[in-house]
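Now, the feature entries from TrEMBL:
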type    : residues                                          : note
DOMAIN  : 22-269                                            : domain 'Nucleoside phosphorylase'
BINDING : Ser29, His60, Arg80, Val81, His82, Ala112, Ser211 : phosphate binding site
BINDING : Glu192, Asn234                                    : purine D-ribonucleoside binding site
Amino acid sequence: MKNSPQVLSQLILNKRPDFKPKIAIILGSGSANLADKLQDVISIPYHSLPNFPISRVEGHPGQLLLGYLNKVPVICCQGRVHAYEGMQEKDFQLFIRILKCLGCETVLMTNATGSLRKDFQPGQLVLIADHINFHPMNPLVGINDDEFGPRFFPMDDAYDKKLRHSLQQTAEQLNISLPEGVYFSVLGPSFETPAEIRAFRILGADVVGMSTVPEVIVARHCGLKVAVISVVTNLASGLSEESITHEGTLHFAEKASHDLGRLLESAIEQLTN
Ligand code: HPA
């Protein structure tokens, strides 16, 4: 049990015993400044938690923030790990199950994506309605921990309909465009070739990225409700004359994080009802 999700969540709660978050937010590349909207914040660096998986990717500060967004207690994970960093199944399990053990019922995630559609330009927010998992691993391979969920479970409702509806309503009120799309997950870290992107498009994808899907799978296994908002940071390989760079993706993620912040801040109250 040493360094289990149960033990680590207790360590976290010891720092703020009266804190009872129902919502966790996992912030992807470049959208870290969304965290500025939190009030009355306690921050816990990932490295202070034994065995907590830590990202080395630029744009990910690596800390948990326990604070209030519009008076709603939320736990904000500033930074996430990626399979391309060599993270293993157990790392994704620990990351998400800590949130479950903290009492969260809903996880909102953001990420950076490449767009496979010319009508989804850089800066556009996309509400993920489904995914195609092209990662070579599934984070639940290995012995099943029945305490968290069953061996086999459905994924037809992975992206919660009610949450999506609520986020779209809020976006409409705020005049933020939020079309739905299908997320195609790749391992990375290389960006795709133009031929790969053409193939993914034929398979039904709208955006492509290197994160999120392992967390979604672990979250659904333990019954957490999930919503994901992607920020289009670039047109995918072959759709524009320019080569894709990590710096470019950070630039557009930061630009869009203003809208993302407004959207999540306004949506949060409704999501807890
Ligand atoms: N491909 C994969 N992952 C990404 C991209 C991309 O074009 N942009 C941001 N993350």
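Numbering starts at 1 and runs along the chain as displayed.
Backbone N, Cα and C define each Cβ position, glycine as well.
Quick caveat, the model's predicted, so the values are computed rather than measured.
Here the features listed in TrEMBL are painted onto the structure.
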residue: Arg80; record: phosphate binding site; CB count, 10 Å: 25
residue: Val81; record: phosphate binding site; CB count, 10 Å: 25
residue: His82; record: phosphate binding site; CB count, 10 Å: 25
residue: Ala112; record: phosphate binding site; CB count, 10 Å: 25
residue: Glu192; record: purine D-ribonucleoside binding site; CB count, 10 Å: 21
residue: Ser211; record: phosphate binding site; CB count, 10 Å: 29
residue: Asn234; record: purine D-ribonucleoside binding site; CB count, 10 Å: 24
Students should find that the Cα atoms of Ser211 (phosphate binding site) and Glu192 (purine D-ribonucleoside binding site) sit apart, in Å rounded to an integer, by 14
Averaging pLDDT over all residues of the domain 'Nucleoside phosphorylase' (22-269) gives 91
One of the binding-site residues Arg80, Val81, His82, Ala112 has its Cα closest to the Cα of Asn234 (purine D-ribonucleoside binding site), namely Ala112
Glu192 (purine D-ribonucleoside binding site) sits from Arg80 (phosphate binding site) (Cα to Cα, rounded, in Å) at a distance of 21
Distance filter, Cβ under 6 Å of ligand 1; input binding-site residues Arg80, Val81, His82, Ala112, Ser211, Asn234; output Ala112, Asn234
Between the C-alpha atoms of Ala112 (phosphate binding site) and Glu192 (purine D-ribonucleoside binding site), the distance in angstrom, to the nearest integer, is 14
Per DSSP (helix/strand/coil reduction), Ala112 (phosphate binding site) sits in strand
Rounding to whole Å, the Cα atoms of His82 (phosphate binding site) and Glu192 (purine D-ribonucleoside binding site) are apart by 16
Rounded Cα distance, in Å, between Val81 (phosphate binding site) and Glu192 (purine D-ribonucleoside binding site) is 20
By a three-class reduction of DSSP, His82 (phosphate binding site) is assigned coil
